[in-house]
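Trainee: The following feature annotations were taken from Swiss-Prot:
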TRANSMEM  9-29  transmembrane segment
TRANSMEM  44-64  transmembrane segment
TRANSMEM  73-93  transmembrane segment
TRANSMEM  110-130  transmembrane segment
TRANSMEM  159-179  transmembrane segment
TRANSMEM  235-255  transmembrane segment
TRANSMEM  265-285  transmembrane segment
TRANSMEM  292-312  transmembrane segment
TRANSMEM  327-347  transmembrane segment
TRANSMEM  371-391  transmembrane segment
TRANSMEM  405-427  transmembrane segment
TRANSMEM  444-464  transmembrane segment
Amino acid sequence: MSGFSLEKFNFVLLFPVLSLLFWAIVLLLLDAFKKLSRNFYIGASIIALFSTLCFLLIYNGFVLDNSHAFFDLFVSDNYAIFAQIVILVFSMLYLLMDKDEQKAEFFSLFLFMIASLILMISSTNLIVIFLALEGSSLALYTLIALRGTHNAISSSIKYFTLAAVGAGFFVFACAFVYLKTKSLDLDNLLHSEYISDPILLCAGVMFLVIVGVKLSIAPFHFWLKDVYYGVHTNFIAFISIVPKIAMIIVVLRIFSALGGGVKFEYIVALLAIFSMLAVSIVALIQKDVKKMLAYSSITHSSFILAVIVSSMSVSSQGDGTSYLLSIFALFVYWISFAFANYGIFLILSLFQKSSFESFSGLFDQRPVLSIMLAIFILCIAGIPPFGIFWGKILILASILNSGYYALVFAVALSSMIMLYAYLKILIYVFFKKAQIVESANLDVKQKIILCLCLIGSVSCVFLLL
């Protein structure tokens, strides 16, 4: 083949994926031949993640930036590189803060899932995105079910069933895109003469189903509450943050390609408004902190969807500066939420029960822990001067700049409704009559991570400047 060249493969770009897959296979084989301690598997997994992170930090801007691999099936741009770094950092934080006894295959599946997430955000080809999406999803279903309890298995099956329906819609959407454009590459779709075709609008609506499932946007969120109640508390923090980061990048790529001529952003805006308002009202009547936080994560995902609507609008207008503002607002908001969310669930993992009443009078018994919990709660509520407040200001500025005033009103109203739900737990912690609270103690690693989460949730916006 005269046109064949090894340079077109560009294996350097795929090193993060290949490295994590190698470590996943090694850990799986080690478990088959010799039973090793849990600490060994945690250490090996962290080494795998950290070495991949170092590679990204060292080679960013030298080899990876705006380069392609495997005949343009994979791309490495600034958004993908930054998202990969965030995924690796919060994956390591999860492994360090988790004290639950996990089986050896858990860590192999965990690395396989992270590799699939990185692959998903590194491609602009719909088939590659779909394969990586399903690879990460299959690993996640299994990780949820590995706990072995009835709740864990049933929630995993419910998630699998709903996601399988979403995957079917994704395949149909890909078929529609190929039918009209004769291409499955999103870069080609951006410059397609068929961008205003109604068939592509139908494809966008079908894509929206899998997006709703993966980002847990109402009315595709029914699996989330069961998962929150069925898995280990620290793992809840992970699945509510890390898999969604990869999906957010995919949504940005797909919706930016579809938002040029069919005014697809109107449909996405309506879904975001419905999701954030409906779920905020449901969150008010919850009697369990975990379930309330499940609905809280849905509202935050809806806010992210609102930013994506803004980015779609300004991207179709060719306003590069406003588009960058939208992306910056998205990352500031989600990273601030990630730190605060990790902190909250790390504290919740110390308690056997998660009802509001079980936290009554916690301040009288553990004042420092109560104050830290209050800071994290106020952070996700968007109270100044915490990081999410600045992220939400950037979100509102971005949406205003794109002209979606109804979306701005919906974000503000949803935030006010959720504020009451957040303050409810603080009322129990600080003002309710004290009762005996059964709780464990933080080890040294968890104390360090809790402090890091506190710093990150308060000052994230300044760290990113």
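A Cβ is built for glycine as well, from the same backbone N, Cα and C atoms used for every other residue.
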Trainee: Does the chain bring the transmembrane segment (159-179) near the transmembrane segment (235-255), so that three or more CB pairs sit under 8 Å (pairs 6 or more apart in sequence)?
Mentor: no
Trainee: Under an 8 Å Cβ to Cβ limit, what residues of the same chain, 6 or more beyond the ends of the transmembrane segment (292-312), are close to it?
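Mentor: Distal contacts: 215-218, 221, 224-225, 227-228, 236, 240, 244, 248, 251-252, 255-256, 258-259, 264-265, 268-269, 271-272, 275-276, 279-280, 282-283, 286, 322-323, 326-327, 329-330, 333-334, 337, 341, 344-345, 380, 392, 395, 398-399, 401-402, 404, 407, 410-411, 414, 418, 421-422, 424-425.
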Trainee: For the transmembrane segment (371-391), which stretch among 110-130, 265-285, 327-347, 405-427 has the most Cβ pairs under 8 A?
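Mentor: If we count Cβ pairs closer than 8 Å to the transmembrane segment (371-391), 327-347 scores highest.
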Trainee: Does the chain bring the transmembrane segment (405-427) near the transmembrane segment (265-285), so that three or more CB pairs sit under 8 Å (pairs 6 or more apart in sequence)?
Mentor: yes
Trainee: For the transmembrane segment (265-285), give me same-chain residues lying six or more residues beyond its boundaries with a C-beta closer than 8 angstroms to one of its C-beta atoms, as numbers and ranges.
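Mentor: Cβ under 8 Å, 6 or more out: 204-205, 208, 212, 217-219, 221, 255, 259, 292, 295-296, 298-299, 301-303, 305-306, 308-309, 312-313, 316, 404, 406-407, 410-411, 413-414, 417-418, 420-421.
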Trainee: What residues in the same chain, six or more past the boundaries of the transmembrane segment (327-347), come closer than 8 Å to it by Cβ-Cβ distance?
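Mentor: Cβ under 8 Å, 6 or more out: 79, 82, 86, 90, 93-94, 97, 233-234, 236-237, 240-241, 244-245, 248, 252, 293, 297, 300, 303-304, 307-308, 311, 369, 372-373, 375-377, 379-380, 386-388, 390-392, 394-395, 397-398, 442, 446, 449-450, 452-457, 460-461, 464.
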